[in-house]
């Protein structure tokens, strides 16, 4: 029989219910988490046995949104969900990051977490719900796990922190921050901010961590009531004798290798040491396992690097703890792009371009929470050659999507509003070299490329990655970390912002015990590094170019009467299609009558504006126009008088005398002067040739509103 167990609690302004025992009973554990009608079903399956030869922890997190959750049918050809979208990939990473460091060292059993959004309230984002569910299933499962974790979203509205703001509240928030951690420590932060101070950001992290304790308490209570028995798992004991033999052969040599400042040379030397030591030990004793030797060598590498840092010795590349690597900043490096920059920091390099497009180039994103349009795109590419490797090239992987989103968060706060700069902007960061913090190099490069393209960003922005090495109460915060320092350290702390404050903060912590003091030191040290980088960037370009590239489309804006929109578009879009083909421009019309004409050639834009003005011009009764005969019928002739308007000259209005046959007086294509007699309620125009007397000013085209570029 089904025996559901439910735990309900208040979480800020929302009510959360966690239910288990009802569904997916063959999974290791399963829960349904409901937060004010946003429901996510989360399962975990852990394999009891380790695959032979497994040398890493195979944790997989799948997050999937079902359109039925929002009462919709998928819009794809097959009418079913396909591969995960970018948003789903980002949420999967959000779930993964705080969970992964809580599995014990040496645990290599395969674990898969699947979170499925099955109901959605547009005001409650399912990401926090999914994170709570993932924490709950692991706590219930009995799988070795040092959790549970909580998760909270923090907004900053009217100078107040807001817990789990609704979608509407977030629109007025200067901050969108997600924080996750255990009862005693923050483990993960992901945020986007509207240039907040270090103190405001740190306060948000602390606030979110304090508020999520209620989640942790309730998950613990549910696990006590319904949790499965803990797995009888113990880590493999360390082979101290083998460890000592490996250390004797390799530790000093690895120490020397880690004094080589050039990355590829250092890696080659480290690999050679590992191969020689492994071969020597296997020659002495064939019963030894190569994987175990490699694991010990890895721990020795970590010990060498970390102990030096903690003793205050120079880092791998000879820098002090708060030094930034050498910078090289160049703009305008590509001749035909709209904006470009090459940003180099040590052995990390990004070639970044900015491209300006029209509104129709904006990305329409159909999400479960609703459809939205994105006018600012930032794409990050990490080819294998950037780290001296070969590999598959293809669609972006999870890491590239995540790094691109972080870089975008860093730049978004300074982007101009649509009414200030009516362009769609796409930034692409090509990582050409990588040795630490390529996402932050992308922020710097994006800022430079945007200014080179003439995009009026509010301020230059830069990013920096901070690291941490901590043993007991001894700790050192490192500025501008290398790839090795990221891998061998305890924290990856990325901060982007302007001279005034922070625009993005991402933090991933591998250990517990990170205090507010450590985070404060890291933020302050990051500020100094950020200001240094900005000062170097300013020497290359200190403000946006005064004009956009000659190769970029120029957008000219005019206003027409909204009632005339249908005339410009035409039946089935016939008129606007003909206009774009005739003028070689791109034309977009908004509901309020705003017309945007984009063209790389000024003359083409003027031609398009002129034609639109003709079409939308108002015809005045009693005014005389010059028109062309378009059709002849028995009862008169139709005359086009500009602006796509056509009127009828009745046979009685052609001449002062009786007209028997219209064709005796008029021919198709003939230019004639006509006077507007009347415009009836249906918009039909009555014209007269005989009343178009000499001496009255003739209008070739109707009067139309002036354009504004």
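Numbering starts at 1 and runs along the chain as it is shown here.
Yeah, the Cβs are placed from backbone N, Cα and C, and that goes for glycine too.
Residues or ranges marked as Mg(2+) binding site by Swiss-Prot on the basis of sequence analysis: 486, 492. Listed in sequence order, 436, 437, 465, 467, 492 are the same-chain residues at least 6 apart in sequence whose CB falls under 8 Å from the CB of residue 486 (Mg(2+) binding site). Mapped onto three states, the DSSP output places residue 486 (Mg(2+) binding site) in helix.
The domain 'KH' annotation in Swiss-Prot covers 553-612.
Taking H, G and I as helix, E and B as strand and the rest as coil, DSSP gives the domain 'S1 motif' (622-690) the counts 6 helix, 33 strand, 30 coil. Summarising the annotation, Swiss-Prot assigns domain 'S1 motif' to 622-690.
Residue counts for the domain 'KH' (553-612) by DSSP state, with H, G and I taken as helix and E and B as strand, are 32 helix, 16 strand, 12 coil.
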